[in-house]
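Here's what TrEMBL has on this protein:
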- 106, 111, 116: oxalate binding site (BINDING)
- 109, 111, 116, 155: Mn(2+) binding site (BINDING)
- 34-49: disulfide bond (DISULFID)
- 61-209: domain 'Cupin type-1' (DOMAIN)
- 1-24: signal peptide (SIGNAL)
């Protein structure tokens, strides 16, 4: 009986080991190309394939110009994911350009479906991520340098230079998903109860309500 249990445990371990690569990112593609049909009424995990495909489906010019950083964060993210670049459907990759005004910030956030790696185009940035053990890893990066943020961990970028900064980001998912921590907690719809946030942050409810008002 013990030997049977051992074999069952071993078989389960092998199955999990073989499944691990497919669980690490997007599902594997089953054909050469599958350009996303964003107008299809069919709902599935991803997007159905478009019938008539051209070279333009695999081209995207949206990252060549700086984004507008005139906003409270002082940053702008221009995405090149499947929702804007249908040619990456099923390919497990996407990109983004992030621009920062002087003092601008890409606020603490997570990507639940992807690891992110950035290449600095210009400027000086303080970047970092926090592990599940609450350990901060941070570094100052400049033009030509690269930094990676592990999948699912909270991370940020802050412009520490006197001029604008910009990076190109790459993800191992066609749609990485983004949860900005402050907006998720203080601008959810319907709202997270203020007393819940007050207890979590160890502050008073009026303080929570004042923060919520800034996100409206």
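Backbone N, Cα and C atoms are what each Cβ position is placed from, and that goes for glycine too.
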Can you check how the pLDDT averages out over the domain 'Cupin type-1' (61-209)?
97
Please identify, from the disulfide-bonded residues 34, 49, the residue with the sparsest Cβ neighbourhood, meaning fewest other Cβ atoms within 10 angstroms.
49
In whole Å, note down how far the CA of residue 116 (oxalate binding site) lies from the CA of residue 49 (disulfide bond).
26
Would you list the other residues of this chain near Mn(2+) - those whose C-beta lies within 8 angstroms of the C-beta centroid of 109, 111, 116, 155 - in sequence order?
110, 114, 129, 149, 153, 154, 176, 178
Listed in sequence order, residues not in 106, 111, 116 with Cβ within 8 Å of the centre of the oxalate site Cβ atoms:
96, 109, 110, 118, 149, 155, 169, 171, 176, 178
Spatially, and counting Cα to Cα, which of the binding-site residues is closest to residue 34 (disulfide bond)? Options: 106, 116, 155.
116
Near residue 111 (oxalate binding site), how many other Cβ atoms are within 10 Å of its Cβ?
22
Sort out the sequence-distant neighbours of residue 109 (Mn(2+) binding site) for me: same chain, 6+ apart, CB within less than 8 Å of its CB, listed by position.
154, 155, 156, 178, 179, 180, 181
Would you list the DSSP helix, strand and coil counts for the residues of the domain 'Cupin type-1' (61-209)?
22 helix, 59 strand, 68 coil
Within 10 Å of the Cβ of residue 155 (Mn(2+) binding site), how many other Cβ atoms are there?
22
